[in-house]
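Pulled from TrEMBL, these are the features on record:
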DOMAIN    685-753  domain 'DEP'
TRANSMEM  30-48  transmembrane segment
TRANSMEM  60-80  transmembrane segment
TRANSMEM  86-112  transmembrane segment
TRANSMEM  124-142  transmembrane segment
TRANSMEM  154-175  transmembrane segment
TRANSMEM  195-222  transmembrane segment
TRANSMEM  228-251  transmembrane segment
TRANSMEM  307-325  transmembrane segment
TRANSMEM  332-354  transmembrane segment
TRANSMEM  374-394  transmembrane segment
TRANSMEM  431-451  transmembrane segment
TRANSMEM  613-634  transmembrane segment
Amino acid sequence: MEGQSILYNLSVRMEDESDSVPSTMSIDKLLPALLECFGIILCGYIAGRTNIITNTQAKGLGNFVSKFALPALLFKNMVLLDFSDVIWPFLWSILIAKVSVFCIVCVLTLIVANPDSRYSKAGLFSIFATQSNDFALGYPIVEALYKSTHPEYLQYIYLVAPVSLMLLNPIGFALCEIQKWKNQENQEQQSKLRILGLVVLQVLKNPIVFMVVIGIIAHFVLHQTIPAFMAEFIDGLANSFGGAALFYLGLSMVGQLRKLARSTIVTLILLITAKLLLMPLICKDMVDLLDNNSTDAVNQSSLSDYAFLYGVFPTAPSVAIYAVYYNAELQVVTSGMVISTFLSAPIMYVSAWLLTVKRMDTQLVMNSLLSVSFNMSIVSLFALVWTITVMFLSKKYKRLPHMFTVNLFLAQLLTSIGMILWNFVVKEGNFIGQILTFTLLCTSLYSTYMWPAVLLRSSGLLVIAGWGIPCVVTAVLLCSGQKIPNTIDPLYFYGKEQVTKQTKSSSYSIAIIQSHLKFCLVCNQTPGSRENVVFNLFLSNVCLSPSSVECENCCESTDCLLGKMEELQQVGDKQVVRHVLLCLLLTVNLLANFSSSMWLLCNHAPGRLYLELLFFCAIVNYVQGFLSFAMFGLDKHLILLPFKRFFTQWFVKKPKQQLDLPDDIRMICSQFTKYHKQQCCCDIVKNRRCGRKTVVRCFLGCELVDWLLQVGLAQDRGEAVLYGTQLQQGGVLQHIKDEYSFQDSQLYFYFLS
């Protein structure tokens, strides 16, 4: 009866917390708001990913958002702010929570970081953990939840944001300036007063800080009224912020995950944990502590819930700008910003939904949990069937580390099947069916805990552990465990004993991952294999015989060596970044399950926050297949490029002659051919053997991109790819087999005569 007693205590605790406290959130408006925000973010990402908007053009939009639209929005709201409605203990609670997280991250970083970059890491990581995306993403969420019940909560966004901008960020900037001072050779010439002056100047140059100060002054001078002659102007700029900021956020995410490396995985896990888990908990606890004298229980509970949701807001994109400015920790900050943004969406939705639930009984809790797990498993099942098919068709399953990745996908597939079967057998009451399904589900789920460690180090012993340890744990449970009656959750089928073994399994896997991270750094190699090196040496040192014939159009060799080289690169790509990112996400899953188990073992009346963690664990356990599909399901060479060629062939009308081209493409091709083509051929075009007696004068796509940047024909790599695409559309260059569009990659192209 132990499992039932735990759930009963949970239900009672929830009832005690919710007595006489009605819901103050409009949860029905949250999902449309999330879809609106992340839909606009997705549009921005697609625009940047397809080079509709280049990186240089995106910077222009970013400057408009940060230097015109947002300052106008802040000025407007500072002037109109009603300080009489402000509950000051709430603001002090958020201030203390942010300062606490800032100090924790800063001190820990100073203790464990490398002395060569200790101060810059401490400054940037502390800013990362405390500066939230309050205006672009946070404000629409708060507006959806509280506009109809507590509209005064919207103004807290404008009061809380300056805490980071004016108090905490300058401390982080000071640490970064100290690091710059230490890295300079003439340290004695750099005075501490100069460093302080640089920090103050950096803060004052920020238009957001400047307009907050001006807005507060104008609030008292103008008596909370914006003059009519400037009201429309301010409104026009302020109203343009919402959509433009979200669109720019999507643009800023393009290419950031490519910077992710194995060396950053532990740092990312800790920073994301501090931002999305530690911050909301401290915010909620501080409100409960400082506002406990409030006579209005409804308002106190509402503020506490609001503080928790505020803490879940993801990191602001401006932190990446700071990292670029100080040229430090760009990999961690940019990757963490992307991951925290997308992780915050399900956390915010689940948190808001659970905070509105009042008086939920045990059976309803477990039925809702089972329903969520079942729905997630169905999505993962289809995603995993597709992903495993792609791995076999692309023949990547024969190579490392994809050989171990397929085992992870198989474990995830069996987990989804087991959960779907469990949804039916648990309702029928068939004991034998429950035991068989539990064996399948438990073994495969514990196996998904083990395989992330195997991916980081391809060891034969760990391969055996990937399937062996879960089988042993399940066998011990079946032989010695005592089934809890009337339990429908498979994770608590054997009560405390199962929770204990689950805790040990997840902690064992986490320990393996951490212990092998430095090993992975030593063994980290660029994507490819030994055959790639041999092929590159052969192609670069080819000795051309007098009888060699040059291919005039596309490569005429039926057994083209360059084509084979491209195929070898495609098959031999280890996809290191995708594996690291998948391991990072699965490690978050491990930490969540470990925390859930430890929380339940140490506290038999865990309360509402534990229920939120329980639902989060259910989602991440059974949505793993969708994560795998996102990482490996859309294979570039097997799916995306063939689809793009098919779409271009059937739906894009090719110009029959030069006159059919758009004017801009025709002009670019004409200018390049007349002024730049000859020099480009001298710099990057080389004779490369493509057959026994044939050669082709060609170049790599990435070489042309580098050349365009070097001579100033493009401002960034995105513009260079767009330039090369236009040259291909204009008939100036072509792929050697006429199979691919122009790309910034190791594909071979040649100029048409």
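Cβ atoms are placed via backbone N, Cα and C, with glycine included.
Since we're looking at a predicted model, the values are computed, not measured.
In this chain, the transmembrane segment (30-48) lies apart from the transmembrane segment (307-325): fewer than three C-beta pairs between them fall below 8 angstroms, excluding pairs fewer than 6 positions apart.
Counting residues 6+ beyond its ends, the transmembrane segment (374-394) has Cβ neighbours under 8 Å at 402, 405-406, 409-410, 412-413, 415-417, 419-420, 423, 570-571, 618-619, 621-626, 628-629, 632-633, 635, 637-639 in the same chain. Taken as a whole, the domain 'DEP' (685-753) shows an average pLDDT of 83 in this prediction. Sequence-distant contacts of the transmembrane segment (86-112), counting only residues of its own chain at least 6 positions beyond either end whose CB sits under 8 Å from a CB of the stretch, comprise 118-119, 121-123, 125-126, 128-130, 155-156, 159-160, 163-164, 167-168, 171-172, 175, 271, 274, 278-279, 282-283, 286-287, 289-291, 294, 299, 303, 306-307, 310-311. Proximity of distant same-chain residues to the transmembrane segment (431-451), defined by a Cβ-Cβ separation under 8 Å and at least 6 residues beyond the stretch ends, is recorded for 404, 407-408, 411-415, 417-419, 421-422, 425, 462, 465-467, 469-471, 473-474, 477-478, 490, 493, 502, 505-506, 509, 586, 590, 593, 621, 624. Outside the transmembrane segment (124-142) by six or more residues, the chain places 30, 33-34, 36-37, 70, 73, 98, 101-103, 105-106, 109, 153-154, 157, 160-161, 164-165, 168-169, 171-172, 175-176, 241-242, 245-246, 249, 267, 271, 274-275, 278-279, 306, 309-310, 313-319, 322-323, 326, 328-329, 332-333, 336-337, 341, 344, 348 with a CB less than 8 A from a CB of the stretch. Counted over residue pairs separated by six or more positions, the transmembrane segment (195-222) shares at least 3 Cβ pairs under 8 angstroms with the transmembrane segment (154-175), which defines the two as touching.
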